[in-house]
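Features reported for this protein in Swiss-Prot:
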DOMAIN    14-238  domain 'AB hydrolase-1'
BINDING   Trp20, Ser80, Leu81, Phe142, Leu143, Ala144, Leu145, Gln146, His232  substrate binding site
ACT_SITE  Ser80  active site, nucleophile
ACT_SITE  Asp204  active site
ACT_SITE  His232  active site
Amino acid sequence: MNLFVETLGQGPDVVMLHGWGLHGGVFARVAEQLATRFCVHLVDLPGHGASPALPRFDADAVADLLAAHFPLPAQVVGWSLGGLIAQHWAARHPDKVKSLALVATSPRFVRDETWPHAQARASIEAVAQSLDGAFEQTLERFLALQMMGAPSARDTLKALRGELFSHGRPQGLLPALGLLLEADARALAGRIQCPAALFYGARDAITPIGAGRWLAESLPDAVLYEFPQASHAPFLSHEQDFVRALAEHLETQA
């Protein structure tokens, strides 16, 4: 399977994995700033952007696909769904992942009695049920939910909307949403040995900061960066602070 990948800059390899419903272009501004020091690869995950869909969006299969596409050791940045895939990649291919930067992500995206750091299942199911009949409106509502609570939500949401279909109409969002409903990667934490930097917004309703604190305690070598005023996309709402912290992490682990 051919993944759509945009590459910027030269230097140590950094692979960036986006969240559900979007594509690699969401990281364009961050990547441009990193490209003076790194070779940055912006991936469209299967079924997103310009990458073809898989019949079943399986986290292990996608991680294996990425490991084959990027055979040299790389640092991996994953946001939300991309962060879940990054955890699987690091656990399954420890020789291919030099470090992780996990942004507003979680090992589990559904709240239950054992995991309070997530949305109710019904919230994700409602998105899935409305995709067929109101595709664009559903994605825009989901974007608005991601920005809820951030002080610059209006400007950040405008930037996200501008990127939404710039790589074409995505073809495989429902299977990826199915993964978010069923995923539970908590057992992977003990298998991830590479250094990790964790970036979380205190106002995030999709992946509450408790998920980041759990990862900080469970991963063997992790540093947590909390953005008190940020929501689900600190790399957009607090771009300069985010880039500064991410670049420091990447340079330390290069």
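Even glycines carry a Cβ here, placed using N, Cα and C.
This view paints the features noted in Swiss-Prot onto the structure.
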residue: Trp20; record: substrate binding site; DSSP class: coil
residue: Ser80; record: active site, nucleophile; DSSP class: coil
residue: Leu143; record: substrate binding site; DSSP class: helix
residue: Asp204; record: active site; DSSP class: coil
residue: His232; record: substrate binding site; DSSP class: coil
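Of all the binding-site residues given, namely Trp20, Leu143, His232, the one with the smallest number of surrounding CB atoms inside 10 A is Leu143. Summarising model confidence by region, the domain 'AB hydrolase-1' (14-238) averages a pLDDT of 92. In this structure, the recorded positions under consideration are Ser80, Leu145, and the one with the smallest number of other Cβ atoms within 10 Å of its Cβ is Leu145.
Long-range neighbours of Leu81 (substrate binding site) (same chain, six or more residues apart, CB within less than 8 Å of its CB): Leu17, His18, Gly19, Trp20, Leu45, Thr105, Ala176, Leu179, Leu180.
Asp204 (active site) is 9 Å away from Leu145 (substrate binding site) when you measure Cα to Cα. Across the fold, the C-alpha of the residue listed as 'active site, nucleophile' and the C-alpha of His232 (substrate binding site) stand 8 Å from each other.
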